[in-house]
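To keep things clear, I will list the structure first and then write my remarks on it.
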Amino acid sequence: MTVNNDSSSYTNDPDISVEANPSLIFASIWILRLACASIAFLCPWANYKLIKLFQTRRFYKESSAKWYIIFKGVFDITYISITVPIIICLTYDIDLIHRNILTCKLITYAHYLCDDLISMLLTLLCFDRMLRITCGYHFRQRFSLTICIITTIFFTIIHIHHLIRLQHRNGFCHKIYLSIWSYDFDIYYSLVYTSITWSIIFISLINLTVSIYCDRVRRSELKKPTQQQEQQLQKISQIFLNGTNSSGFNNDQLELLDNTDDIESSIELTIEQENSNNESFEKEQQDNIDLQITVCVIIVSASFLACNLPNFIIFIVKFIYESTFSTIGHIFVYISIFPLFIAHTISYFIYNHLAARLFPNNSF
């Protein structure tokens, strides 16, 4: 989400000591410090495991979603590696961003670049899953890798304006004001970009949910004739087994034996299919894994929207009312950082652990 996540605008507010309850602020700050310390180790580890999962596990590494997830994992690690030290230092009244011109430009540039790329890569991932599941298109991994590289280069160039506009004067990092039709460029860009990406993700979630439900209904309908055929074959085998130990067959058994031609042709067809069973099995397994990945993408995307929503509400409130926060407002600011940490860390646990529970029959 491209909003102003600069925590210095909240933690360095001179009105905090006057308006806020010291005990509540003290407790929230220490909880935030502990959360930052935990996430500083958990997030890189979880995203590293996620990257290895899609690089090594069979069928995962053959999915077109692979590179979107890997690139997003890399930028999740980078984002947390930048944000967590800044927040921890701010809780001790150490401002890294405003220290000098170098930290002013590089930290701000890297922060907004990673933030925008994460949301864009998730948008592209949802779009890829929608084309794969809804439209049935199979994209090569090289195509998705090319899209990820082009997207990264494009945003790297676009965000150069941060390096150009940022200046360090009188101990503070300032950005040269740029207006478009009397709108502040940064606010205008943030609102438009966030609205577009979030809308695409939300529409994709609805589309994918409906498509997966329809696919599940279709699969259950296709299983019915196969199950009936298996039951009939079991009855035939039981008749022959009983026939070897008895003098004849009853009428019901003879009626089933009259259809042996169909059964035999079905058996012959099954034997012929076994010759090319490897290819069909591989394709079926890849389709099942693609379906599993898509379900996980839905959960990850929904978590992303839910976890970023509190911070977006703060951005809107601060923009509309242009005022400082009350005691409850400051505590809400601290609390809103926790969902952001979750959004950048939870993917591995969804793709690996939750997927194993939702799809226990999938083999890898």
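Keep in mind that glycine also has a Cβ here, set from the backbone N, Cα and C atoms.
Listed features, source TrEMBL:
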DOMAIN    46-351  domain 'G-protein coupled receptors family 1 profile'
TRANSMEM  24-48  transmembrane segment
TRANSMEM  69-94  transmembrane segment
TRANSMEM  106-131  transmembrane segment
TRANSMEM  143-164  transmembrane segment
TRANSMEM  187-214  transmembrane segment
TRANSMEM  293-321  transmembrane segment
TRANSMEM  327-351  transmembrane segment
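Taking residue pairs at least 6 apart in sequence, the transmembrane segment (106-131) and the transmembrane segment (187-214) share three or more C-beta contacts under 8 angstroms. As a quick check, the transmembrane segment (327-351) and the transmembrane segment (24-48) clear the bar of 3 or more Cβ pairs under 8 A, pairs 6 or more apart, so the two touch. Listed by sequence, the residues of this chain that lie at least six past the ends of the transmembrane segment (24-48) yet keep a Cβ under 8 A from its Cβ atoms are 16, 73-74, 76-77, 80-81, 84-85, 87-88, 91, 327, 330-331, 334-335, 337-338, 341, 344-349. Residues of the same chain lying 6 or more positions beyond the ends of the transmembrane segment (106-131) and with a Cβ under 8 Å from any Cβ of it are 1-2, 5-6, 64-65, 68-69, 71-72, 75-76, 78-79, 82-83, 86, 96-97, 137, 139, 144, 147-148, 151-152, 155-156, 159-160, 162-163, 166, 173, 193-194, 197-198, 200-201, 204-205, 207-208, 211, 293-294, 297, 300-301, 304, 344.
Summed and averaged per residue, pLDDT over the domain 'G-protein coupled receptors family 1 profile' (46-351) gives 79.
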